[in-house]
Structures are given as structure tokens and as C-alpha cells.
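A short worksheet on the structure shown next.
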């Protein structure tokens with residue numbers, strides 16, 4: 001590049017940033033079974049070669065800094081440095097590349113998602129040599145997986161606790177999410193649970209506000225679920241949100257929930273933080289509480305295609321930090337979620353071993369060793385007409401959560417719950433009989449509505465409701 005054609009970015013790059021590729025770009029490197037592997041979508045500044053950009057990511061997220069320092073001689077750089085070992089162009093994108101980086105396991109504290117993210121994504125995303133950077137996927141080696149407790153209980157233990165098998169679980173978020181008194185809130189919980197739902201839920205921003213303090217909510221919700229249990233003979237739960245301003249306050253709420261004898265609590269793991277989440281997950285395992293996880297704030301991190309972090313990484317991090325449920329999109333509802341990509345990270349949440357499959361956005365084969373699985377939660381803009389698709393897409397090991405799709409029923413909360421339970425049971429029965437839910441779904445719902453007036457009313461009110469927008473999260 002001649003001086004006349006050099007861009008300002010390239011001049012600034014040469015003047016202020018060390019040439020990283022000599023040390024950190026190692027295309028001949030053979031990855032180790034113990035390495036943490038990362039796939040970054042890199043958009044370099046004009047004038048910055050992709051190899052240099054990838055090497056800069058490896059350096060700044062491991063041992064490197066902008067210049068040579070004398071203390072480099074006091075350690076083994078070869079042992080501790082991150083390495084950019086492969087770069088490939090992103091199809092259809094002129095200036096984007098996937099940079100693969102390998103990190104030695106010794107760079108990370110055992111059992112700490114907080115430390116892992118502080119290293120890999122903590123500083124490098126503000127790097128001037130890059131226009132944008134997105135972490136697409138991580139491969140967590142067996143040796144590191146085994147340092148985490150993971151979910152407090154996992155899918156099979158949860159089913160055994162609830163004595164519920166062979167179908168998805170049904171839930172409902174209480175609406176309006178803010179403004180109800182604790183007693184009215186508890187009444188809404190009771191109506192939904194007695195109507196046939198397995199769970200009701202605090203919304204993510206229900207903590208302890210002036211209109212409803214947490215202790216009052218916990219008491220009224222516990223009363224509601226125990227009353228519903230007595231009437232239905234089924235084990236019921238309400239996700240009591242323990243998220244708080246301090247870890248001490250969060251734990252106080254979790255302890256009170258355990259003393260009440262309820263089966264499950266909840267945490268907003270991104271706004272609450274991974275340290276708090278892991279602390280709560282350990283308490284839940286030790287004290288027999290299930291842990292529901294809400295992903296509030298995730299779209300701030302994962303919505304943009306070229307910058308941030310893909311949700312599949314956040315999902316893996318949650319499985320390591322600990323949670324028995326996590327919201328994972330719906331594919332068919334009001335919130336973001338393309339089918340193949342969503343099913344990719346749903347498998348990463350549930351399965352013990354997941355093969356690399358770029359068609360579903362999975363960059364690395366992931367072996368979870370003995371870490372329990374997490375139930376994906378489908379929630380957001382779904383109603384009875386979506387039940388066949390949800391049952392077919394997510395299968396039995398899932399939680400299908402209908403907020404407005406329960407509470408918006410024209411006859412009230414309990415009939416709304418009845419409608420959802422009837423629709424689910426009809427879909428499960430039809431599937432077990434060999435019927436095609438994708439092709440015959442509407443017919444299955446219509447047949448069931450003939451003997452369930454609650455379902456018929458729900459079908460009528462939501463027959464025209466659709467959320468047809470193009471997904472942002474595409475391959």
C-alpha cells in the first residue's frame with residue numbers, strides 16, 4: 001500500500017498497535033483436547049489484514065499487550081498465550097471473517113464463568129483495530145467442564161421431583177408484570193395452577209417494589225400453589241424471583257423460599273451476574289430447590305449479527321454456572337429465534353454430546369461429560385394455535401410458557417389454563433398415535449376444541465394473531 005493510498009485507520013494501526021501476527025497467528029498449531037476454543041466473527045478496520053485482526057484478538061484476550069514488556073521474559077509465552085490458528089471468510093460478507101482462537105486451560109480459574117468471560121470477552125471488544133467483533137461459539141474441554149457443578153438438578157431429577165413424564169411442562173408468566181398487590185398476584189397464581197398448569201412465574205423485573213414486597217409475594221404465592229396442589233393432586237410450582245441488589249439479599253430470599261417448602265426459585269442470570277448465579281445454583285442443589293433462569297438483557301449482547309456474543313455462548317455459560325430452566329426463544333412467537341439456530345442451542349442445553357453442525361450454528365463438537373441438562377423454556381407471544389408446532393419443535397423436555405396466552409382468555413385465568421392443558425394433551429396424544437403435528441396441527445386443535453369449550457373460546461380469540469417478522473439471527 002503506497003503512502004498516497006493508506007487510510008487513516010491503517011496509519012493509526014501501524015503507529016499505535018503492535019504487529020501481533022508474528023507471535024499470535026499460528027496456522028500450523030494443532031489444538032489440544034484441553035484447549036478452550038473460540039470462534040470469533042471479526043470485522044477488521046480498513047487496512048488491517050484478517051490475520052493481524054485474528055492475532056490481535058488472541059493476544060488481547062490472553063497474554064498480550066500493545067508493546068513488549070520486560071516481564072515477558074519471566075514466564076513462558078508459548079505455554080500461556082492464546083493462538084489464532086485458523087481464519088475463514090464469512091460467506092456473503094466482504095469484510096467479515098471467522099477467527100478461531102485456542103486458549104490454554106491454565107489461563108482460567110476452575111469453576112468460574114466470571115473469570116472465563118473476563119478473559120475471553122472482557123477487554124478485546126473495544127479494540128481499535130476492529131470495527132466489530134462477535135463471539136459465535138466456544139468449545140469447553142472436558143477438563144474444564146468437570147470443574148463446574150452445573151445445573152442444580154437437571155432434567156431427570158426435576159421430572160422425578162414433579163412426578164411428571166412424557167410431555168412438555170406448562171407455565172404462565174403472571175401479567176401485568178408490575179403493579180399488582182401481593183394478594184391479587186397470589187390469586188392469579190392460584191387460578192392458573194388449578195386450571196392445569198404446572199408452573200406460574202414472576203416476570204424478570206418483579207423483585208421487591210413498593211407495590212409488592214418480596215416477602216408478601218412469596219407468602220401469597222406459596223399459599224396459592226399449596227391450595228392448587230390439594231385440589232388437583234398434582235405438584236405445582238411458582239418461580240419466585242430471588243434476584244436482588246446484593247448477593248446477600250438474594251440468598252436471604254432463596255432461604256425463605258426453601259423454608260416455605262416451595263419447589264423452585266428464579267434468577268435473572270445476566271443482570272444478576274454469573275458469580276451470583278453460581279452461588280445460588282450451589283445453594284439450590286444443596287437444599288433441593290429447582291432453579292429457573294431468565295435471560296433478561298440477553299438481546300443487548302446477542303441481537304446484533306456482527307458484534308457482541310451469540311446466545312449459544314450464553315446458553316453454554318448458563319449450563320456451566322447452573323440453572324434447571326432457561327428461556328430459549330420460541331421460533332413461532334413474538335421474540336427472536338430462527339428454527340435451526342434455536343434448535344442448535346437447545347441441543348447444547350439438553351444433550352450430553354453435540355456434534356459440530358454449522359447448518360445450526362454449532363462451530364465445535366461439545367461433550368458435556370456428566371453435567372446435567374437444562375430444560376429450554378419457550379415463552380413470548382404464544383397461544384393455543386402454536387401448541388402443535390411447539391410440541392413438535394421442542395419435544396417433551398421443555399417448558400412451554402403462555403402468559404398472555406393464558407391470562408388473556410376471555411373467561412379468565414383458570415379457563416385459559418384449561419385451554420392450554422387440553423391443547424397440549426391433545427398434541428401429545430396425536431403425536432404418540434403417529435400423527436404429523438407439523439401438517440395436521442390445526443386439525444388436531446380443532447378436534448380437541450369440540451369437547452373443550454375453554455379451548456374453543458381460546459381458538460376463536462387468537463385465530464388471527466401472528467408475529468411475522470424476519471429473524472435477525474441467521475447464519
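Note that Cβ sites are derived from N, Cα and C of the backbone, with glycine treated the same way.
Taken straight from Swiss-Prot:
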- 3: N-acetylproline (MOD_RES)
- 14: N6,N6,N6-trimethyllysine (MOD_RES)
- 123, 173, 177, 295, 327, 379: substrate binding site (BINDING)
- 175: active site, proton acceptor (ACT_SITE)
- 201: N6-carboxylysine (MOD_RES)
- 201, 203, 204: Mg(2+) binding site (BINDING)
- 294: active site, proton acceptor (ACT_SITE)
- 334: site 'Transition state stabilizer' (SITE)
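Overlay of Swiss-Prot feature records on the structure.
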residue : record                       : CB count, 10 Å
123     : substrate binding site       : 11
173     : substrate binding site       : 24
175     : active site, proton acceptor : 16
177     : substrate binding site       : 14
201     : N6-carboxylysine             : 29
203     : Mg(2+) binding site          : 19
204     : Mg(2+) binding site          : 20
294     : active site, proton acceptor : 28
295     : substrate binding site       : 23
379     : substrate binding site       : 24
Please give me the binding-site residues out of 123, 173, 295, 327, 379 that lie within 10 Å of the residue listed as 'N6-carboxylysine', comparing Cα atoms only.
173
Within 8 Å of the Cβ centre of 201, 203, 204, which other residues of the chain have their Cβ, at the recorded Mg(2+) site?
173, 174, 177, 202, 205, 206, 239, 241, 266, 294
Recorded positions 123, 177, 294, 295, 327: which have a Cα within 10 Å of residue 204 (Mg(2+) binding site)?
177, 294, 295
Residue 294 (active site, proton acceptor) and residue 327 (substrate binding site), Cα-Cα, nearest whole angstrom:
6
Just give me the nearest neighbour of residue 175 (active site, proton acceptor) among the recorded positions 123, 203, 294, 295, 379, Cα to Cα.
203
What Cα-Cα separation, expressed in whole Å, is found between residue 173 (substrate binding site) and residue 203 (Mg(2+) binding site)?
6
